[in-house]
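According to Swiss-Prot, the features are:
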- R27, Q28, A29, G30, R31, D77, Y154, S209, H327: substrate binding site (BINDING)
- D77: site 'Transition state stabilizer' (SITE)
Amino acid sequence: MTELKNDRFLRALQGQPVDVTPVWMMRQAGRYLPEYRATRARAGDFMGLCTNPQLACEVTLQPLQRYPLDAAILFSDILTVPDAMGLGLYFETGEGPKFRNPVRTAAQVEALPVVNAENELTYVLDAVKTIRHELNGAVPLIGFSGSPWTLMTYMVEGGSSKDFRRSKAMLYSEPEVARLLLDKLVASVTDYLNAQIRAGAQAVQIFDSWGGALAHDAYLEFSLKPMQQIVNGLIREHQGRQVPVILFTKGGGQWLEAMAETGVTALGLDWTTDIGNARERVGGKVALQGNMDPSVLYASTSAIRDEVGRILASYGHGSGHVFNLGHGITPEVDPVHAGAFINAVHELSAGYHQ
């Protein structure tokens, strides 16, 4: 495999010295970029983009052609796993993802297959291989999956939800059915992430978008515990390199200490947690990734720069910080403002690494 030209993202995750704080953005390949919108139009629809390895590669690389980012992230969707389980994923304009065959009964859960990514998600693995080839060692490639709880919410609700009523009802009224569903998702996600690592992903992130919707103990039982099982089963070294694992629970600030005990390399933070406080709480056990509010990108470039400076100062000196947004970049952001954010991270962070 090609030697990495820029490995500061991987180095920061391992707490090794870096020259500047590395930066990438969740959803960096997305609708805020005109070139992404053009490629998506060629693909016909979102799933047409996800399932075409050449086009998925094209949009993965677009932000790197525009900005000096320190990592690429595979262009895909967390719902590829339930789609491969037979739920029939489709997208309705203005309404987001939907499933034709939601899972709501014990019989439906029992009938669900465990995903074999090599057989059922070859288009994702082909995209990983294509992207790695095209990157040619420029920066590392991040693979990802949704967390079992987050995937379960979409599968049970049949799409997005504001209150997760059906999913939570299953947790509390039929916990054994919920556990069986989560167990199948643990096996599927573990297989999927390991397949991405074998295909060339140099780090992986577990997106737990809806863990923060759970009660304190319910999070530990139904979200963190399944993620712990995945972490235990992941390939952690491949082709002579450590494979870092990042765990990101949106709204997960109250559980940082428990998350840091899972054996992951890093925790993603949303914008509601102070990163300096988080650093004190995890005590060097894990690196931290985050955590600017994506809405700051609507402000002036000088205000963006000020907020970047504030977060860097809060984290303080030394490695172990990967700068990112606290959630995905939103479609209406001016690409110039995204560039100002990335440049500010590199320019303002150098003094923290001397």
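Backbone N, Cα and C define each Cβ position, glycine as well.
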Integer Å distance between the CA atoms belonging to D77 (site 'Transition state stabilizer') and R27 (substrate binding site): 10
Of R27, R31, H327 (the binding-site residues), the residue whose Cβ has the fewest other Cβ atoms within 10 Å: R31
Number of Cβ atoms other than its own within 10 Å, given for D77 (site 'Transition state stabilizer'): 18
Pairwise Cα distance for H327 (substrate binding site)/D77 (site 'Transition state stabilizer') [Å, integer]: 15
Collapsed DSSP category at H327 (substrate binding site): coil
Per-residue Cβ crowding (10 Å cut-off), top of binding-site residues A29, Y154: Y154
Site extent for substrate, whole Å (max Cα pair distance, R27, Q28, A29, G30, R31, D77, Y154, S209, H327): 23
Inter-residue Cα distance where the pair is A29 (substrate binding site) and D77 (site 'Transition state stabilizer'), in Å: 12
Structural state of A29 (substrate binding site), classified by DSSP into three states: coil
